[in-house]
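I have placed the structure first, in the form of structure tokens, so that the comments after it can refer back to it.
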Amino acid sequence: MSRVIRAPRGTTLHCKNWQIEAPYRTLMNNLDPEVAEDPANLIVYGGAGKAARNWEAFDKIIESLENLEEDETLLIQSGKPVGIFKTHTMAPRVLISNAMLVPAWANWENFWDLEAKGLTMYGQMTAGSWIYIGTQGIIEGTFETFAALAKKHFDGTLKGKFVLTAGLGGMSGAQPLAVTMLDGACLVVEVDRNRIQRRLDTKYLDVMTDNLDEALEMVLKAKEEGKPLSVGLVGNAADVHPELVRRGIIPDVVTDQTSAHDPLNGYVPNGMTLEEAFALRKSNPEEYIKRAKKAMAEHVSAMLEMQKRGAIAFDYGNNIRRMAYDEGVKEAFNIQGYVPEYIRDLFSEGKGPFRWIALSGDPEDIYKTDEKVLELFPEDKLLERWIRLAREKIKFQGLPARICWLGYGQRAEFGLAINEMVRKGELKAPIVIGRDHHDTGSVASPYRETEAMKDGSDAIADWPILNALLNTASGATWVSVHHGGGVGIGYSIHAGVVVCADGTKESDLRIERVLTSDPGSGVMRHADAGYEIAIRTAKEKGIKMPMLK
């Protein structure tokens with residue numbers, strides 16, 4: 001019988017203080033059955049993104065945190081605790097490095113070989129950095145992306161528009177809800193019936209069907225009537241998308257969030273059942289990868305044909321274009337990436353995904369912080385709309401949590417306000433504040449966050465390392481550096497940061513420094529690349545950049 005892990009609730013400490021209790025609880029929360037995609041195998045989301053290397057390592061991490069002193073730092077090497085060193089009370093309590101490889105060795109084949117030897121672990125982004133909050137963790141970013149698309153192409157709404165996509169995993173499962181929040185009609189293709197059911201259970205999806213004709217009838221009727229609706233179709237996009245092209249049914253928007261970044265443990269080939277695919281994955285991995293890449297080529301070819309016939313097509317950061325390109329689809333990069341198309345301006349002003357978790361386990365703590373963020377930033381109408389929709393439509397998974405996009409200055413102001421609420425006893429327990437690695441200054445990913453940079457610096461990976469070093473120096477509660485998140489091994493380097501608001505004056509210092517430095521490094525990165533919004537933000541906010549003219 002598999003183990004069931006859930007984070008403790010309430011105010012009883014299992015560690016020496018809340019700065020240690022915070023990672024203790026959020027690591028467990030990552031493996032909560034409500035949160036993780038495959039908790040029995042320590043897989044949190046994103047194909048094979050894990051929280052710990054194996055169960056022995058997990059147990060040792062928990063034991064280490066329970067015994068960690070207030071002035072010690074625990075080191076995690078790809079999901080395994082390898083050392084505890086005396087540092088100081090304002091240093092991070094945990095430092096994490098996941099899946100890092102010397103560049104010439106940085107490909108899936110070498111990674112899988114080293115993983116099989118028990119030497120490394122794929123941490124995705126927030127899986128191995130212990131700050132995943134379920135599908136809500138990506139929902140506002142997805143909402144922001146589709147809102148920006150709607151603003152650019154459709155007068156600010158998806159009403160009366162048909163959006164086609166694929167994938168209903170831990171991250172991709174946010175797509176249907178984001179589309180219906182913007183009043184659109186969405187068809188999502190997913191090979192795994194259980195994943196579709198999970199999105200139904202959490203109310204991210206409206207309807208499930210096995211029948212393409214039925215799915216199209218529902219979606220096209222909703223489009224015609226201008227009603228929001230999301231339909232999950234059990235099927236393979238490499239079969240469904242070409243069939244839509246053959247029928248001449250072209251969506252208004254087409255994208256994709258399957259786990260194409262991982263051709264072995266993520267994307268599922270067409271022409272076989274899910275059970276047959278899983279069996280082939282184990283018996284003949286090389287053949288599986290070959291078939292998966294062939295299916296990706298068919299999938300992307302159909303998206304390109306839809307684009308030629310008038311659909312707005314964009315890549316949603318899973319590296320499917322590169323996989324298809326390597327299989328001979330030379331026009332794959334005619335599909336534009338979502339960051340340069342819709343998100344870059346937000347990143348340039350230091351805006352990105354800001355999340356917080358109620359360690360008490362009480363939803364009321366989140367509702368009170370919802371009110372606080374609205375009180376602090378009444379001029380931000382998109383934020384107001386988002387919080388209202390989130391409270392209405394999003395079901396908490398594991399420990400109650402919230403995400404919203406906040407910019408430079410806003411993050412520190414809100415973080416300090418949360419710490420004050422904890423100090424005054426307005427909240428039942430401390431709050432953990434973190435973010436996705438998919439943020440303004442914390443990623444080098446040429447096929448996603450840093451695609452088509454103005455100065456050609458797409459592949460420069462100094463920036464996420466500087467971000468991690470700066471957050472460590474600023475006194476974050478824990479800091480992580482990962483390789484391969486989102487787009488796969490060899491294609492990205494990225495960093496994460498978390499700070500615990502425990503109500504102390506020391507936390508005021510941590511929060512102000514971290515939540516200023518972290519987004520500030522993103523403004524710096526984009527200003528250095530020549531983005532006018534970032535240059536203006538740096539000057540207006542007084543961010544010191546010695547070479548900024």
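Glycine is no exception: its Cβ is also placed from the backbone N, Cα and C atoms.
Now, the feature entries from Swiss-Prot:
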type     : residues                                                       : note
BINDING  : 46-47, Q124, E190, R195, 236-237, 257-261, 267-268, Y316, G486 : NAD(+) binding site
ACT_SITE : C404                                                           : active site
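All features noted in Swiss-Prot, drawn onto the structure.
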residue : record              : Cβ contacts under 8 Å, 6 or more apart
G46     : NAD(+) binding site : Q124, M125, A127, G169, G170, M171, S259, H261, D262, G266, G485, G486
R195    : NAD(+) binding site : E37, L168, G169, G173
A237    : NAD(+) binding site : A166, V189, D256, T258, H299, A302
A260    : NAD(+) binding site : G266, Y267, M296, N318, N319, I320, M323
Y316    : NAD(+) binding site : T145, T165, T255, D256, Q257, Y338
C404    : active site         : E140, P353, F354, V373, L383, W386, I387, A390
Around T258 (NAD(+) binding site), how many other CB atoms lie within 10 A of its CB? 29
Measure from the Cβ of Y267 (NAD(+) binding site) and count the other Cβ atoms within 10 Å, all protein chains considered. 31
Protein Cβ atoms within 10 Å of Q124 (NAD(+) binding site), excluding its own: 30
Tell me the coarse DSSP state (helix, strand, coil) of R195 (NAD(+) binding site). helix
